[in-house]
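A.B. asks: One structure, pasted below without further comment.
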Amino acid sequence: MLLVRIFRGGCRGREAVKELWSRSVHSDRVRHQSTQVAMQDLAQEDSAKPEDAKPDLSPKKNPVCSYNEWDPLEEVIVGRVEGACVPPFTVEVKANTYEKNWSFFVKNGGKPFPNEHMRKAVEEVEEFCNILKHEGVNVRRPEPVNWSEVYKTPWFESPGLYASMPRDILLVVGDEIIECPMAWRTRFFEYRAYRSLIKEYFQAGANWTTAPKPTMADELYDQEYPMRSVEDRHKLAAEGKFVTTEFEPCFDAADFMRAGRDIFAQRSQVTNFMGIEWMRRHLEPKGYNVHTISFKDPNPMHIDATFNIIGPGLVLSNPDRPCHQIDMFKKAGWTIVHPPTPEMPDGHPLWMSSKWLSMNVLMIDPKRVVCDSNEVATQKMFEKLGIKTIKVNLRHANSLGGGFHCWTADVRRRGGLESYL
């Protein structure tokens, strides 16, 4: 419309057009010159920046790398006692504990564990961390959480349990951290204590996978699971009956034992076949073999106090819980070692475990092992195997349900991927 009006003005209009055109060209030249100057200024600023201010795109050493249970240990997560809460006496807790302790859960479910006992457990775990550091291992810890707070989902409500056993929730396979879904309702949100650590590892280059979270609806559990005695448990286990059903995948990391390309899993009270199948489909395309093995165990829950691989072709096999597939290992030339009877006193409270925590050891490397300072016979067994024992007392911490292997999750071991079977 402006140009129309200008042309209607005759010569004066044409002169106005020339003036507008001249102004436009001059403006464009000024803008072009300004842009060139600005680009030159930016180039000069970039050249003036220090070299270290530029993005570092060079390859970094992955902070997460572990293929087995015995290569030299460089970094480990050690659990926390603080904030631990007694689980309510639900059907899955009943199926994983012994009758003599049931009244303890009925009375104290949802409350903190006994204060004086926990005070001693804290001291033990802190000393354990100090000893690991002295042996050259970098120790990381989960965040403190108040586990007595009750949470609610569409399917249940429950307090939490603890962040004491990182081996139960975190499985490191190569450069990948697998955050496992768990099977107890009290452990549904246990990952909270480890999230800041896992995010740190992820940002530094680790792969991070979270397995499908189960709803933990009533259908996941056999609400009428019948057992009161060891005999009942033996019969049910022999029949392949467990408190967890096949309603949806569930598994604890501690039901998997790593030996390079071969990973061994057991169907237990907390790990179902759907969970093992999820792990198989996830890991086998990456070159791993997931084997399901079983034991004569009246109460299978976590494999590392039953079948603990401590070196290439070297395994501690619980004499009270023989492996049904042991010939597979013998044919491969493995050495099967049956650890001695545990020396833990009968009166010591073990609310969620058995005395066989004596074989729940942590290998620092193939020639060094952390084991219970009270288990003299077990120490002698390792000495005969040519393995130096690093003696640590964790008795009060044992009461929460785990030994040295359970209380830790190895993040980085110095070694590569090999086949041992």
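Every residue, even glycine, has its Cβ placed from backbone N, Cα and C.
Positions annotated as region 'Disordered' by TrEMBL: 42-61. Per TrEMBL, compositional bias 'Basic and acidic residues' is recorded for 46-59. TrEMBL lists D252, H302 with the feature active site. The active site, amidino-cysteine intermediate feature in TrEMBL is assigned to C406.
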A.B. asks: Rounded to a whole number, how many Å is the Cα of the residue listed as 'active site, amidino-cysteine intermediate' away from the Cα of H302 (active site)?
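C.D. replies: The separation of the Cα atoms works out to 9 Å.
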A.B. asks: Specify the count of other C-beta atoms within 10 Å of the C-beta of C406 (active site, amidino-cysteine intermediate).
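C.D. replies: So the Cβ neighbour count for C406 (active site, amidino-cysteine intermediate) comes to 26.
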A.B. asks: My understanding is the cutoff is Cβ-Cβ under 8 Å with a sequence separation of 6 or more in the same chain; which residues meet that for H302 (active site)?
C.D. replies: D168, D252, A254, D255, S268, V270, C406
